[in-house]
Amino acid sequence: MNIHEYQGKEILASYGVRIQRGIVANNPVEAVAAAKQLTTETGTSWYVVKAQVHAGGRGKGGGVKLAKNLQQVEEISEQIIGMQLITPQTSAEGKKVHKVLIAEDVYYPGESETSEFYISVLLNRSTGRNMIVYSTEGGMDIEEVAAHTPHLIHNEEIDPSVGLQAFQARRIAFNLGLSGNAFKEMVKFIDSLYNAYIGSDASMFEINPVLKTSDDKIMAVDAKVNIDDNALYRQPKYADMRDIREENPIEVEAKEVGLNYVDLDGTVGCMVNGAGLAMATMDLIKYAGFEPANFLDVGGTADAKRVETAFRIILKDENVKAILINIFGGIVRCDRVAQGVVDAYKNMGDAIKVPIIVRLQGTNAEIAKELIDNSGMPILSAVQFQEAADQVKAALSK
């Protein structure tokens, strides 16, 4: 579950991480009031207006701007709220901005130069261990750093049996080139950041940039946070942070009815039981020269009602030109699934206007094929994996 920057900063602050202070606003009037409050509390006279969407790269998309007075706060907020923000991490349509964060200006002059770093904590799925990824090249262009100078990005793996050790935090601070008070501040920052990551059951905490201020303080200027969905049952206070408006509406609807659905950009809808078979089916579609429109795992109870619900979910995507149903009958019987497909097709009537290709293997697969072939419905059946792909290709080539 992704959350907004301001929510991520709230979590960080609760674990003792120094953050760039800010107040969220839903409209320009609230934005001006937030700026006035910040001036009272922090003394700042310049402000940063930051679009709150679940995507990185907001600065490049025009979603982060500096305001030097209250009038500019109002004007910039009016520009950003309601805009379709397009960044390297959004679709071509972008994301609509519903709120902004009015933050204090922390790039003030002082005895030393400011520096920006990149630090994230996440799970290394290859080793099964948490790790801290860090770089001296923090800021908007971290993607460019990763692509062209990957040697500037380092990582520190954490042994789960002992957790983050003090020497590891010191090593990171040393590798970032810090000394004196800034070194001590960074060690404390890393320790608190890791505690926030563990304590909130997060799957990622990305801070970009981490700022060394001109008076050698270390603070989080941004926060991109993902909370593990599977841990929300024990993190109810974070579950309330979900912003449905930021999520794909089809995915939200699918989740409400218990379907595991992920929207993609292709034209071939997929209805499969089991995540592994679903991914293999998507690969097959790509090998056939097409792109999958979704990942959809119907699970082990593919009755008529569930199949019909899955059909309706898939067809909400206007880009879908064909649907491939690929079911392996282990516990679930193939004939039951086939009857569900036929019944769903009858119930939906003219709602289904795209070719349907069904491949059923496993328990009662022969009976299932007969059911489909004798149904009188314009449903194509296949036995082999490649045969199903060929039928998809033939259907879309007409």
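Residue numbering: from 1, along the chain as shown.
A Cβ is built for glycine as well, from the same backbone N, Cα and C atoms used for every other residue.
If you look up Swiss-Prot, you'll see K50, G57, R58, G59, V106, E116 marked as ATP binding site, on the strength of sequence analysis. What Swiss-Prot records for N208, D222 is Mg(2+) binding site. Residues or ranges marked as substrate binding site by Swiss-Prot on the basis of sequence analysis: N273, G330, I331, V332. The feature domain 'ATP-grasp' is assigned by Swiss-Prot to 9-253, with sequence analysis given as support.
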- Query: Including all protein chains shown, what's the count of other C-beta atoms within 10 A of the C-beta of G59 (ATP binding site)?
  - Reply: 17
- By CA distance, which of the binding-site residues (V106, I331, V332) lies nearest to D222 (Mg(2+) binding site)? V106
- Query: Rounded to the nearest angstrom, how far is the Cα of E116 (ATP binding site) from the Cα of V332 (substrate binding site)?
  - Reply: 55
- Item | R58 (ATP binding site) versus binding-site residues N208, N273, G330, I331 - nearest by Cα | N208
- Note on the structure: Across the domain 'ATP-grasp' (9-253), the model's average pLDDT, rounded to a whole number, is 94
- Message: On the three-state reduction of DSSP, what should I expect for V106 (ATP binding site)?
- Response: coil
- CA pair G57 (ATP binding site) / I331 (substrate binding site), Å rounded to integer, equals 46
- Task: For E116 (ATP binding site), write down the residues of its own chain that are at least 6 apart in sequence and whose Cβ falls under 8 Å from its Cβ; none is a fine answer.
- Result: G138, G139, P209, V210, L211, K212, V221
- Nearest recorded site to N273 (substrate binding site) by CA-CA distance, among binding-site residues K50, V106, N208: N208
- Query: Does DSSP give N273 (substrate binding site) helix, strand or coil?
  - Reply: coil
- Per DSSP, to which secondary structure element type does G330 (substrate binding site) belong, with helix, strand and coil as the options? coil
- Message: Need one number for the ATP-binding residues K50, G57, R58, G59, V106, E116: the maximum pairwise CA distance in Å, whole number please.
- Response: 20
